[in-house]
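Summarising the annotation, Swiss-Prot assigns active site to E174, H248 and lists sequence analysis as the type of evidence. Swiss-Prot lists C365 with the feature active site, nucleophile, giving sequence analysis as the kind of evidence. What Swiss-Prot lists as substrate binding site is 19-28, N110, 137-138, R212, D250, N359, and the listing cites sequence analysis.
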Amino acid sequence: MTAHEVNFDGLVGLTHHYAGLSFGNEASTRHRFQVSNPRLAVKQGLLKMKALADAGFPQAVIPPHERPFIPALRQLGFTGSDEQILDKVARQAPRWLSSVSSASPMWVANAATVCPSADALDGKVHLTVANLNNKFHRALEAPVTEALLRAIFRDESQFSVHSALPQVALLGDEGAANHNRLGGEYGSAGVQLFVYGREEENEIRPARYPARQSREASEAVARLNQVNPQQVIFAQQNPEVIDQGVFHNDVIAVSNRQVLFCHEAAFARQKVLINQLRTRVDGFMAIEVPAGEVSVSDAVATYLFNSQLLSRDDGSMLLVLPRECQDHVGVWRYLNKLVAEDNPISAMQVFDLRESMANGGGPACLRLRVVLTEEERRAVNPAVMMNDALFTALNAWADRYYRDRLTAADLADPLLLREGREALDVLTRLLDLGSVYPFQQTGAADG
């Protein structure tokens, strides 16, 4: 059956700021306390979406979350009106305010893990929400992510959206950022590669930075998504690269159809994995980048592998890259050599995503890949699909509500909270989502 990959990109939230909340993500740590520009951030993302949609790659949007997230502060014991809580937490525990104001939901590669209908035992598209257990600010996301996905993929005859795994470290799950699918045509059955950083009975794990994904979680997600057991491979990421800042697999590898583009040090038993894939995937091609050409540290600094690998109509592939790759002499030299060689990657497109990149999120972080047949695509909420009208409407919406300068101190401003809620209220109507946010639900804003 004919199917296409649709990229659902996250809209950057109104409270996008640099707080250094994500230990193990070196860009996040390095840019802590810098002044951010939320309006520029959301527009950089929109430009990427529209350019790819105009080039013929189906594109849709996933909205931001409600931030600052007052219900979480109430759970932490802060009382009073919303405004009083903001004032108290800003004075008593500003770190908590930064955490509940994080715009991290924009990186929707961590929203869920997706199984196309061609791979599922019941023939439906499955999405399992990620619990993002390793970081407090991200562990807040799952309930609203689930509500948003149910509002987008609402036809239960075509889609199954599963709640996140229990919030315990043993089941730490980071979503599609640790998941690849390889195969031929999108509509044919593929091989799903689940990548983990640790497992309970295995002492091989990173020493410096946390391994966020457990094998136990990956196995549970594969079961929930009803992935045919004959079409699954579980592989461990190289713990040494996690300790160099590769906090998700999509910082060191990206796949599309029959191609796996990765660093030679990406996986713990890479030769064994490559041989498995060669046996299981017709026409499989591994493009392994040697450390002599691009070091792991340069790959992390430029987000070379946090790129999007997209199939064009002629069978060739386009590599969508952040501008940091073009700015790095060695990485850009390697990329120009790559597209000149005999492989499916024949073109590159560079985008300026510096607002997101400074917090440790490149092109691949900003999108959730969902393979859909034509019938399934028609069943998706049509209001989220990118086109000229939506692009114009979202830019006008951003101009109206987003600030062009934000610091950590601004997060305590009650006006920012009100601006955010008004903006999301308008957005839910624009995208026909219903009342997906806690503040929209009766009594939620009052605790």
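For all residues, glycine too, the Cβ spot is worked out from N, Cα and C.
Ranking the recorded positions A19, L21, C365 by how many other Cβ atoms lie within 10 angstroms of each Cβ puts L21 at the bottom. Of the candidate recorded positions, A19, L21, N110, R138, E174, the one lying closest to C365 (active site, nucleophile) when CA atoms are compared is N110.
Nearest in space to E174 (active site), taking C-alpha to C-alpha distance over the binding-site residues A19, L21, N110, R138, is N110. Close to N110 (substrate binding site) in the fold, though at least 6 residues off in sequence, lie S104, A130, L132, R138, E141, E174, G175, A176, A177, H248, C365, each with a CB less than 8 Å from its CB. Cβ neighbours of D250 (substrate binding site) (same chain, under 8 Å, six or more residues apart in sequence): A109, A176, A177, N178, F305, N306, A364, C365. Classification of E174 (active site) by DSSP places it in coil, neither helical nor stranded. Taking each of the recorded positions R138, H248 in turn and counting other Cβ atoms within 10 Å of its Cβ gives the largest count for H248.
According to DSSP, R138 (substrate binding site) is assigned to a helical segment.
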